[in-house]
Amino acid sequence: MSAVAAIVSAGVLGASGLMWHWSRQAQHAEPSPQDQVATAPPELRPAVTILTDSQQLALMWQALKLGSPQTAFPNIVAAEYTPSGLAVEVQMVGGQSFKDWSKDDTLAALADYLAVPEVLATATDPGFVRLEARTTDTLAQPRAVDELLAFGVDLESVPVGITETFDSWRLRVLYGHILIAGATGSGKGSVLWSLVNGIGPAIKAGLVDVWLGDGKGGAEFGRGEALWVRFEWDADGILAMLAEAVEVMRERLAHMRTTGVRKHVPTTDEPLILVIIDEAAALSSYATREQQEEFRRLTGLLLSQGRAAAVSVVAALQDPSKETMPNRQLFPIRVGLRLDEPTQTAMVHGQGSRDRGALCDKISELTPGVGYVGEDGTTEFVRVRAFWVSDDDIDRLVDTYAPDQPDLAPQGDYTDFDPDDIPGDDDNPGGLVAA
C-alpha cells in the first residue's frame, strides 16, 4: 500500500484529525474520511476511523487524559503506513513530557482504544512523540541463514539478518568493535554464527583470521573449530590469545607509523584479526582477581587501539553491567537482544535509549535473535533479527569456508624404512667428523 503523509490543522473541537494525502491521485484530490477508512487494511480500520475524525479523536484524548478543551489537544502532524501497522507523529500539548505518553498504562489504553494489539511510543524531536500502532510483528518468524549465502564480502557491511522493514541487517566488522548482550536463550549464538557465515568467503580466502575464545568451555563453538585460527576455552588460554592479539596490533601500528599508513588494509599476509569472545563474563567477573584485571587491560588496549590496525573485537555476554564488561563504552556498535530489566538496556545503549525506541526488555522469549542495534554517531535504533543457524548450517560453514591447512602427512612410501640401516654409517665407525 502507498505511503501516507499528513499535515493537519485543528478541528472544530480543537482536536486534530488526520488528513491523508495520496500523491498519485488524479488532480491531487484528497480522499474523504470514509474513503480513507474503506481503503485502510481491515485490522487498522478502527484506528483510521478515530484518527480521521476530529470529534472521536478529541474524545480519545480526553478519555486518556492527554488533552482537553481547557488545556488544548495534541496535534497529529504526520502519518504513514508501515510494514507492522501505522505510525503517527504527534505534537504534544504544552507542559507534557515524553513520560506522559510512554507509561505502560497509557500505551495499553491507546492500544485498546485503537483496537490494535500494541502501541509503542518513541521520542523524536522536542515536543513531539511518534506512536506506532502495531498489528503484526514482521520479525516473528525466523529466517534461515541458507537463504542468504555470502559469495562476496564487504567486511564493513556484513549481512547477519534482517530488519523489521525487511532490509538486510549488516554489521561493520572491519574497523569496528561489536558488543552483543542478551539473556540466556536470547539468540547471541545466532548473531555470532550469522556473522561467521557473512565473512565465510573471506575466511576461506585468508583475508580474515578468527581467534575465538569460548567462555563456555568450548562447548558452544567447538563444532566450528576448523574455522578458527586460534581456539581457546579456558581463562589462561583466552588471556594468552588476547595478549598475542595485542602484540600483533602493536607491530602493525609501529609499521603504520613508519610508513604513514592510517588504516591497515587486510591482505592474505596480514589479514583482519577478528577476536570473538563468547560469554566474556567468564573472564571479567568469574575468574581470579588477577585474571580479571588482565582481561580488562588487554581488552581495553584492543578496543582503544585495534580498529585502525584491523584487529577487531566481538564480545557477547548475558549481563551487560559495569562489572561484567568494564570497557563496554569502547564498543562503537552495540546489539541489545532480549534483556531482563529496563536498566540493562541503558547499560548497553546508554541513558534514554528506551525513550528512543530500544525496548530490549520487551522482546518476547519466543523470538530469539531479535534485538535493537545502536551505533556511535546516531541516536536511532534499528530493530533486527539474526538469521537462524542450525547445526547442519554450521557443518556447511565448516565444509565450505574452513581455511586450508598445511598437509603434514608423509609425501612418499616409507614403510620399508629401517632407522638402523642408514647408508654411510659404517664409513666412519668412530663417529668422528672431519673439520
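Every residue gets a Cβ built from N, Cα and C, even glycine.
Positions annotated as domain 'FtsK' by TrEMBL: 155-346. According to TrEMBL, the ATP binding site annotation covers G182, A183, T184, G185, S186, G187, K188, G189. For 400-435, the entry in TrEMBL reads region 'Disordered'. Annotation source TrEMBL lists compositional bias 'Acidic residues' at 415-428.
Annotation note: G189 (ATP binding site) sits in a helical segment as assigned by DSSP. Secondary structure at T184 (ATP binding site), as computed by DSSP, is coil.
Within the group of binding-site residues (G182, A183, G185, S186), the Cβ with the highest number of other Cβ atoms inside 10 Å belongs to G182. Residues within less than 8 Å, Cβ to Cβ, of T184 (ATP binding site) and separated from it by at least 6 positions along the same chain comprise Q318. Ranking the binding-site residues G187, G189 by C-beta neighbours within 10 Å puts G187 at the top.
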